[in-house]
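According to TrEMBL, the features are:
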REGION    1-23  region 'Disordered'
COMPBIAS  8-23  compositional bias 'Basic and acidic residues'
BINDING   Cys135, Cys136, Cys218, Cys221  [4Fe-4S] cluster binding site
REGION    229-248  region 'Disordered'
ACT_SITE  Cys244  active site, nucleophile
Amino acid sequence: MTTATTRAAREFRGSHTDGRSPEELREIVSHWGAELELAPAEVIIEWAAATFGERFCITSSMGDAVLAHLAEKVVPGVDVVFLDTGYHFVETIGTRDAVQATMNVNLISITPVQTVAEQDAEHGPELYKRDPDLCCALRKVKPLADSLARYDAWATGLRRAETHNRVIAPVIGWDAKKQKVKVSPIARWSDEQVERYIAENGVLVNPLVYDGYPSIGCAPCTRRVAPGEDPRSGRWAGTNKTECGIHS
Ligand code: SF4
């Protein structure tokens, strides 16, 4: 941990159980964003936990448990939010269950307002084929926004190396749509860094990653990719859609 970032964490340490205003949160982003840009992932998470207390969570799509593993070391019992869309691969649900059973985190599974059957009844079956943006809005974007209401800051596993669209993902950023601080502790990590961290720490990984699915979303909207292909080309393949809307 660097001296500067240790000081940053100490200056904000304390209980912050009440939410801050958007202006206060934006001020935190502008004050600390540059200083933490090059900090190690653990330091960034420690700073976020010290700054936001119980109003900080991490999110995970259960492709792997790298972010949860980093977080449990410095914030034991940290809230880990998982969006259970009702369309996940069984391997993804299994990874979530393994994280819950073996890690020192508070796993929170969020479900949409409607079950898949209820959505089918209202919008017709296989909405993801006809209107994936609406399906994602109903099953991902709104449930996440609702669940984040109790937090001031959320951490994601976004990495700039994943797609060109994510090149600008800041380590500490302002999520204007959600009016939250968005923390991406491993934004600067390369694929090799992720693989090394997993190997050295025995981190849980969704078995589909080793079966041709480097990027894993809902089963109907995710296909295998060939070696050398863009890892995210298997998401919503054959459409112009590249993101679910959570990060826009
Ligand atoms: S990824 Fe596909 S199935 Fe999942 S919410 Fe989006 S459109 Fe629906």
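Every residue gets a Cβ built from N, Cα and C, even glycine.
Unlike curated entries, TrEMBL annotations are predicted automatically.
In the three-state DSSP reading, Cys218 ([4Fe-4S] cluster binding site) counts as coil. Between the C-alpha atoms of the residue listed as 'active site, nucleophile' and Cys218 ([4Fe-4S] cluster binding site), the distance comes to 10 Å. Cβ neighbour counts within 10 Å, taken over all protein chains shown, single out Cys136 as the most crowded of the binding-site residues Cys136, Cys221.
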